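Heads up, the thing below is written out as structure tokens.
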Amino acid sequence: MLDIKLIRSNPEILKKALQKRKDNFDVNGLLSLDEKRRKTLVELEQLRNKQNENSKLIPKYKKEGKDVSSLMEEMKSLSEKIKALDAEVRKIDEELNAILLTIPNIPHESVPMGDSDEDNVEVRRWGEPRKFDFTPKPHWEIGENLDILDFSKAAKVTGARFTFYKGLGARLERALMNFMLDLHVDKHGYVEVFPPFLVHRNSMIGTGQLPKFEEDAFKVSDTDYFLIPTAEVPVTNMYREQILDVKDLPIKHVAYSACFRAEAGAAGRDTRGLIRQHQFNKVELVKFTTPETSYEELEKLTRDAEEVLQMLEIPYRVVKICVGDLGFTAAMKYDIEVWMPSYNRYVEISSCSNFEDFQARRAGIKFRRGLNEKPEFVHTLNGSGVAMGRATACILENYQQEDGSVVVPKVLREYLGGISVIK
């Protein structure tokens, strides 16, 4: 959520940001509603002042033996007007808040211009794509041939875009989770949490999934619960309506969770295999920082996610997301994309974002620099560290052998009891 004071004092900032995003939101309409609220508050304050004056005059006049009937009538009228204006202010506040919840974040000045993912800017690459002396198979075919992935049985049990991991497939997924958590906790200094997989509506509003993207969420019918689309939601909301001590910042959490996404607009895009599932596993990195350090912390967070792929020895690249591809909540975002041989292109495995105070303002997460200092909103950041299903997919594709077997990355072998080849 954006600060209405910022919009009021410098509406051109928002207008330019929305123009970059090609968003036709009516800024002038918002300002008119805000002005109406402010005028109503002034009128309300004047009526309350008059009410207070009269409340002092009535006992004085009574003591002096004066007639107070007209004052009593005026007090009754004032009370009715105040009640009506109070209700009007509450109604305007609700309307303003509902509107503010639909406005996207203002992109950072360094975000590249562009309309789609084709305009994202490559920042760096790591590793060289492997040259195969045979035609590489797609990961779903490799997994089915090795009997470690079963899409047809999952479709029978649940539906399309679900998977059974079996045998060494399940163990590989679990090995990835343990490896990533160990790396981020032991080397990168994150504190692990294991969050609930269900959250209520206010939590989804706090991190920006609602109200705008409700169609992409799985809601539990007849309740106010939603299945989480990412651990970002419960972990960020751990600090809802809380004032943190500046000495505790940055707070760094890592969390494993299952993630659930309807992906309503994703039909036909990478829907075969493990790339775009309705349910998938992910290790998430979440940070709470001061405003002045958040972009430095974004670089560190991105490097932490990259190290997962370096240790797995998977070729990847980092791209800075252009304004047309930037998510609703992010001020700046990097995508980390892994090389997928069967696709002959890079595929996203992690998004690392700085939301500045956009989420903190929605969720009421603040910090205080000193005992008598006014609380300020923290900056929140998060990134996949990384998506486990996509990591499994890129391991199967990049480490496949001509005989159909798959070599296990060296760093995972200790988590698989020394197994070096899946065959």
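Here the Cβ of each residue, glycine as well, is placed from N, Cα and C on the backbone.
According to Swiss-Prot:
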BINDING   THR230, ALA231, GLU232, GLU284, SER384  L-serine binding site
BINDING   ARG261, ALA262, GLU263, GLU348, ILE349, SER350, SER351  ATP binding site
Among all chains shown, work out which of the binding-site residues THR230, SER350, SER351 has the most CB atoms within 10 A of its CB. SER350
Among THR230, ALA231, GLU232, GLU284, SER384, the record's L-serine binders - longest CA distance, Å: 9
Can you give me the Cα-Cα distance between GLU232 (L-serine binding site) and SER351 (ATP binding site) in Å, rounded to a whole number? 12
Would you count the other CB atoms within 10 A of the CB of ALA231 (L-serine binding site), including those on all shown protein chains? 27
Drop a 10 Å sphere on every Cβ of the binding-site residues GLU232, GLU263, GLU284, GLU348 and tell me which sphere holds the fewest other Cβ atoms. GLU263
Whole-number answer please: how many Å between the C-alpha atoms of ILE349 (ATP binding site) and SER384 (L-serine binding site)? 8
8 Å Cβ shell about THR230, ALA231, GLU232, GLU284, SER384 centroid, L-serine site members excluded: VAL233, VAL235, ALA255, SER257, CYS259, LYS282, VAL283, LEU285, VAL286, ASN382, GLY383
Quick check on the binding-site residues: of ALA262, ILE349, whose CB has the lowest count of neighbouring CB atoms inside 10 Å? ALA262
Cα-Cα distance linking SER350 (ATP binding site) and SER384 (L-serine binding site), given in Å to the nearest integer: 5
Have a look around SER384 (L-serine binding site) and count the other CB atoms within 10 A of its CB, chains all included. 26
Span of ARG261, ALA262, GLU263, GLU348, ILE349, SER350, SER351 as binders of ATP, largest Cα separation rounded to whole Å, comes out at 19
If I take the Cα of SER350 (ATP binding site) as reference, which of the binding-site residues THR230, ALA231, GLU284 has the closest Cα? GLU284
Which one is it, among the binding-site residues ARG261, GLU263, GLU348, SER351, that lies nearest to THR230 (L-serine binding site) by Cα separation? ARG261
Compare the C-alpha of GLU284 (L-serine binding site) with the C-alpha of each of the binding-site residues ARG261, ALA262, GLU348, SER351, and give the closest one. SER351
Which of the three DSSP states, helix, strand or coil, fits ALA262 (ATP binding site)? coil
